[in-house]
Amino acid sequence: MASLKVPASVPDPCEDAEQLKKAFKGWGTNEELIIQILAHRNAAQRKLIRDSYAAAYGEDLLKDLDSELTSDFQRIVLLWTLSPAERDAYLANEATKRLTASNWVIMEIACTRSSDELFKARQAYHTRYKKSFEEDVAYHTTGDFRKLLVPLITAFRYEGEEVNMTLARKEANILHEKVSGKAYNDEELIRIISTRSKTQLNATFNHYNDQHGHEIIKDLEADDDDEYLKLLRAAIECLKTPEKYFEKVLRVAIKGLGTDEWDLTRVVATRAEVDMERIKEEYNKRNSVTLDRAITGDTSGDYERMLLALIGHGDA
């Protein structure tokens with residue numbers, strides 16, 4: 001949460017709710033006030049604001065934000081105001097819909113959240129959509145994509161620091177054997193990637209590098225036209241070094257032909273309270289411009305101001 005400018009004094013959620021209600025009144029919405037409040041409150045504080053708003057006005061803050069705001073600014077404010085579990089459930093559901101389908105978003109949620117965060121996202125999915133995340137993913141994917149994604153989203157990985165080095169060496173060799181043979185959809189490869197703790201996997205990937213002279217990510221670059229292989233490679237990067245994965249998503253979103261606002265919005269909204277500082281450092285290393293400068297050069301208005309506030313460079 002280091003990237004968020006949280007005021008030194010604890011804000012009063014009732015006062016915040018009252019100010020937000022005022023922001024909606026009159027001829028125009030006061031977007032600046034919305035940014036000033038919501039962009040500088042953490043997840044627990046935002047939940048209290050929503051509860052206070054409902055208690056004071058009998059209305060849903062999210063619905064009012066939805067009706068008052070528009071375009072990319074609306075999307076980032078709504079995603080940010082949701083709890084992390086609700087947000088993941090919403091993004092996951094969106095990723096299983098035909099017009100917004102994205103195996104990458106499903107993989108991203110599965111591989112970059114902690115076991116507890118992923119479990120809470122699946123619970124939130126049950127509550128909101130009256131079905132399970134895994135049944136929707138299984139229904140809306142096919143072949144190798146289903147074979148990889150369903151185990152990833154149903155995983156509940158060990159979160160501790162214990163590492164079995166003998167196992168790491170053994171499984172590094174299994175991975176190398178499967179990758180060398182281009183058996184990218186092999187059950188053993190998927191079992192290792194989808195069940196081992198991230199600490200154990202890092203030890204396995206390090207052994208892979210030490211024993212075979214190159215990283216597993218490099219060995220998976222051989223067939224770059226294979227969409228499944230690209231997803232598998234990204235999953236390993238998310239498990240190993242998520243900041244590198246997210247830096248690349250941001251770089252492509254900003255530097256591509258026209259800004260990909262959906263990717264930019266998703267990464268900022270989901271990582272601002274997690275590892276945005278590391279992502280910014282990675283971005284600064286890989287690019288000739290800092291992330292805040294890149295955002296300023298590629299976005300504008302309230303959307304730009306909200307993004308900058310969330311990554312820690314806003315004056316709002």
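Just so it is clear, glycine is given a Cβ too, placed from its N, Cα and C backbone atoms.
Automated prediction, rather than curation, is the source of TrEMBL annotations.
Quick look at what TrEMBL lists:
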- Phe24, Gly26, Gly28, Glu68, Ile254, Gly258, Thr299, Glu304: Ca(2+) 1 binding site (BINDING)
- Asp298: Ca(2+) 3 binding site (BINDING)
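Shown on the structure are the features that TrEMBL records.
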| residue | record | contacts (Cβ under 8 Å, 6+ apart) |
| --- | --- | --- |
| Phe24 | Ca(2+) 1 binding site | Asn30, Asp64, Glu68 |
| Gly26 | Ca(2+) 1 binding site | none |
| Gly28 | Ca(2+) 1 binding site | none |
| Ile254 | Ca(2+) 1 binding site | Leu264, Ala294, Ile295, Asp298 |
| Gly258 | Ca(2+) 1 binding site | none |
| Thr299 | Ca(2+) 1 binding site | Asp72, Thr259, Glu261, Leu264, Leu307 |
| Glu304 | Ca(2+) 1 binding site | Ile295, Thr296 |
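Glu68 (Ca(2+) 1 binding site) counts 17 other C-beta atoms within 10 Å of its own C-beta, drawing on all protein chains shown.
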